[in-house]
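Marked as GTP binding site by TrEMBL: ASP65, THR66, PRO67, GLY68, LEU69, THR127, LYS128, THR129, ASP130. Residues annotated as domain 'Era-type G' in TrEMBL: 10-177. The domain 'KH type-2' annotation in TrEMBL covers 208-291.
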Amino acid sequence: MSSPEQTPHRSGFAALVGRPNAGKTTLTNALVGEKVGIVSNRPQTTRHAIRGVVHRPGGQIVLVDTPGLHKPKSLLGKRLNDVVRDTLSDVDVILFCVPADQPVGTGDAFIARQLREVKAPVVVVVTKTDAASKKQVAEQLMAASQLVEAAEVVPVSAVNGDQVELLEDLLVGLLPEGPPLYPEEQTTDEDTERQIAELIREAALEKVRQEVPYSLAVTVEEMSRRPDPKRPDGELVEVHALLHVERPSQKPMLLGRGGSIIKQIGTEARTGMETLLGARVHLELHVTVLGEWQDDPKKLNRLGY
Ligand SMILES: Nc1nc2c(ncn2[C@@H]2O[C@H](COP(=O)(O)OP(=O)(O)OP(=O)(O)O)[C@@H](O)[C@H]2O)c(=O)[nH]1
Ligand SMILES: [Mg+2]
């Protein structure tokens, strides 16, 4: 075994791709050891490329979590796929995530075809192994390795941490030699306002049904900090955010009877924000209709997509 001093330092970019709900963001968070992106059991939770930095003694992996690659049904869907394609062309390694608890399907084959055009080595990651039997995992490893020419095939569970460190070692080995790209203390370059908007969207996603998750976008309209009147050295952050839906009929679904749902969303999101900001948060949420924004280029721009 050589000591870390003798081994050259490695650094570079590793993109996570896979169909919606494959577990990309959960794995990103597990690798970084911190929550950098929001997670839900609704497809298309991630809507932009999110960087998360993994610091290791011998190397630094800059993960780029991407939206689930899918057959687009809206202009938003097309833009999300474009985000993935732009990312793929510019990274050192690709992690192709295939869930262990779902059969390999046309969605995975579609992604595999895109990966054939990419030069970077592909690591096939069979995710969610805790949710599948040993037999299922073994079969999935076989099926997934037939999808692309893989540099490695690794089963992991982001939820119980199984094989996560092994995956890190393996990724570092596939990166080029180079100095760290981010300072030691930095784990993401997401800006605070966007993280806050995402925490609100995360809290809302699991509370609404049917098409509402797809129709929901969140923007932070105002954010200000002042000394906390209740704590001598503390700060109080005031946030005013808008939850945009596409149709008037979706508004009551988000508000709930007597405002009960939006209240729950606010309470949950606020807890996450207080952890993120290390300050007390006063959160004001409003629901507004931004007609059919998913197919309107100007509205998509306004929402940051
Ligand atoms: N049991 C189990 N569930 C997992 C694991 N990883 C992710 N999940 C669940 O799978 C669902 C989707 O996870 P995400 O990480 O949001 O999936 P994603 O691939 O980022 O999804 P998109 O952003 O929509 O493309 C969530 O309900 C997670 O809790 C895992 O290792 N084990
Ligand atoms: Mg995601």
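Glycine is treated like the rest: Cβ placed from N, Cα and C.
TrEMBL does not curate its annotations; it predicts them automatically.
Residues from the binding-site residues list (LEU69, LYS128, ASP130) with a C-beta closer than 6 Å to any atom of ligand 1: LYS128, ASP130. Within the set ASP65, THR66, PRO67, GLY68, LEU69, THR127, LYS128, THR129, ASP130 that the record links to GTP, no two Cα atoms are more than 24 Å apart, and one pair reaches that distance. A 10 Å cutoff on Cβ-Cβ distances gives PRO67 (GTP binding site) a total of 27 other Cβ atoms nearby, all chains included.
All protein chains considered, the CB of LYS128 (GTP binding site) has 24 other CB atoms within 10 Å. When the neighbouring Cβ atoms lying within 10 Å are counted for each of the binding-site residues (ASP65, ASP130), the highest count belongs to ASP65.
Here LEU69 (GTP binding site) comes close to VAL17, GLY18, ARG19, ASN81, VAL84, GLY107, PHE110, ILE111, GLN114: these same-chain residues lie at least six apart in sequence, with C-beta atoms under 8 angstroms from its C-beta. Note on the domain 'KH type-2' (208-291): DSSP counts are 33 helix, 32 strand, 19 coil.
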